[in-house]
Amino acid sequence: MAARLLRGSLRFLGGHCAARPLPALRCSHSGGEERLETPSAKNLTDIGIRRIFSSEHDIFRKSIRKFFQEEVIPHHSEWEKAGEVSREVWEKAGKQGLLGVNIAEHLGGIGGDLYYAAVVWEEQAYSNCSGPGFSVHSGIVMSYITNYGSEEQIKHFIPQMTAGKCIGAIAMTELGAGSDLQGIKTNAKKDGSDWILNGSKVFISNGWLSDVVIVVAVTNHEAPSPARGISLFLVENGMKGFIKGRKLHKMGLKAQDTAELFFEDVRLPASALLGEENKGFYYIMKELPQERLLIADMAVSASEFMFEETRNYVKQRKAFGKTVAHLQTVQHKLAELKTHICVTRAFVDNCLQLHEAKRLDSATACMAKYWASELQNSVAYDCVQLHGGWGYMWEYPIAKAYVDARVQPIYGGTNEIMKELIAREIVFDK
């Protein structure tokens, strides 16, 4: 696996690591002076050493950074206007090995560990390009299929998904059920060996481009509790009665397609059931820690990006005859931001280590998601303020980062719910 990663990364870089100069980066890592630094900030994460990455991860990171520089950043403004990215970039991502990096090689992945996946979503955050829904596709949808799918389902979907030819989405949220998944109304009723699916979903990331959607539906209205009567189904694009509504116009994440989905008497074969009947809520609870960790890592990475943008801006912006960076209030604010970001990075890295060791519990994942997403919004607010009026202009990267940040405390479970779950772990005995 390591040799394949190395060959693939060097091939994308044009045959050798130094094929094209990348931004000068200087933060500390373990393993030697030639290690690739992680964020774009000059000395942002010199909190010691990010020990979770090896030199192989760094080579992989270099190729992923180059991919975003060449295949995503130049097109992102166009995608924002369209409200979706091109399918072409999905297939290019598949060829580069960005999709399902921790999937086994015989299924089209590269057999990497969690840290390879983290490299991909961190580099997307550093690119400030939120359009491609790679993290939902790889970190959430593919995880459900590989963990709970049958051998036939895995063989049918995963190779196409790692190639970027089949785009995945997951449909949980409804008009009357967001964080309260037990309140969903979408239902599936048996008809012989088939299922008949009815209902609707909203705010579905990758919904418009999706080829397969994991749909959360009620399958047993007589269950002792709603949680015991929920199942998951794999619904494919083109099935009769599966209708994609409009692309939703959002405050941020403008290039990421988000859609309404409708299911009107969709006939599903028995093979569309993902996992066991009525076990859907259990599966969701098992997968949510990874989703929340993903959000947390992208949040702190976005914070690192915003800090670097702002640090560079205040060092060249002049006011009162000197650069803004020479004002004590600005210096103190930068000191606060850097400290908060570095502390959060250390916590999130620890959570990544816990998850790789299969020891990340729900409450800790909730803490990471809650804290990092709140930090991201705080950093976004302060960085726009330090940009002054220019921070309110869309052509400045900080403006886009600001509106993209706002949804982070909402999806993956609102931060209010995160606090409830954390408190429950503290107060009540299991």
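Glycine too: its Cβ is placed from the backbone N, Cα and C atoms.
Remember, it's a predicted structure, so these values are computed and weren't measured experimentally.
According to Swiss-Prot, the feature active site, proton acceptor maps to E291. Per Swiss-Prot, the feature FAD binding site maps to 170-179, 203-205, R317, Q328, 385-389, 414-416. Here Swiss-Prot flags S179, A227, R228, Y282, P289, Q290, E291, R292, G412, G413 as substrate binding site. What Swiss-Prot lists as N6-acetyllysine is K42, K66, K81, K92, K254, K322, K358 (among others), and the listing cites similarity to another entry. What Swiss-Prot records for S55, S362 (among others) is phosphoserine, and it gives similarity to another entry as the kind of evidence. Swiss-Prot lists K165, K240, K254 (among others) with the feature N6-succinyllysine, giving similarity to another entry as the kind of evidence. Annotated transit peptide per Swiss-Prot: 1-30, in sequence order.
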Helix, strand or coil at K254 (N6-acetyllysine) [DSSP, three-state]: coil
Between G412 (substrate binding site) and I170 (FAD binding site): CA-CA distance (Å): 12
Chain-internal residues, separated by at least six, CB under 8 A from K92 (N6-acetyllysine): F67, E71, G164
Of G176, P289, G412 (the binding-site residues), the residue whose Cβ has the fewest other Cβ atoms within 10 Å: G176
From recorded positions S55, K165, G176, E291, G412, the one whose Cα lies nearest K66 (N6-acetyllysine): S55
Cβ neighbours within the same chain of S205 (FAD binding site) - under 8 Å, at least six residues apart: G133, V136, A169, Q256, D257, T258
Euclidean distance between Cα atoms of K358 (N6-acetyllysine) and R228 (substrate binding site), Å: 25
Rounded distance in angstrom between the Cα atoms of K254 (N6-acetyllysine) and S55 (phosphoserine): 35
Most crowded position, judged by CB atoms within 10 A, among K81, K240, K254, K322 as modified residues: K254
Spatial neighbours of K81 (N6-acetyllysine), counting only the binding-site residues T173, G176, S179, G388 and Cα distances within 10 Å: none
Pairwise CA distance, K358 (N6-acetyllysine) versus E291 (active site, proton acceptor), rounded so that it is a whole Å: 14
Residue, out of the recorded positions K66, K165, R228, K358, whose Cβ gathers the largest set of other Cβ atoms within 10 Å: K66
Shortest C-alpha distance to S55 (phosphoserine) - which of the binding-site residues P289, G388, G412: P289
Recorded substrate site residues S179, A227, R228, Y282, P289, Q290, E291, R292, G412, G413, farthest C-alpha pair in Å: 23
Lowest local Cβ density among T173, S179, S362, Q385, which the record lists as recorded positions, within 10 Å: Q385
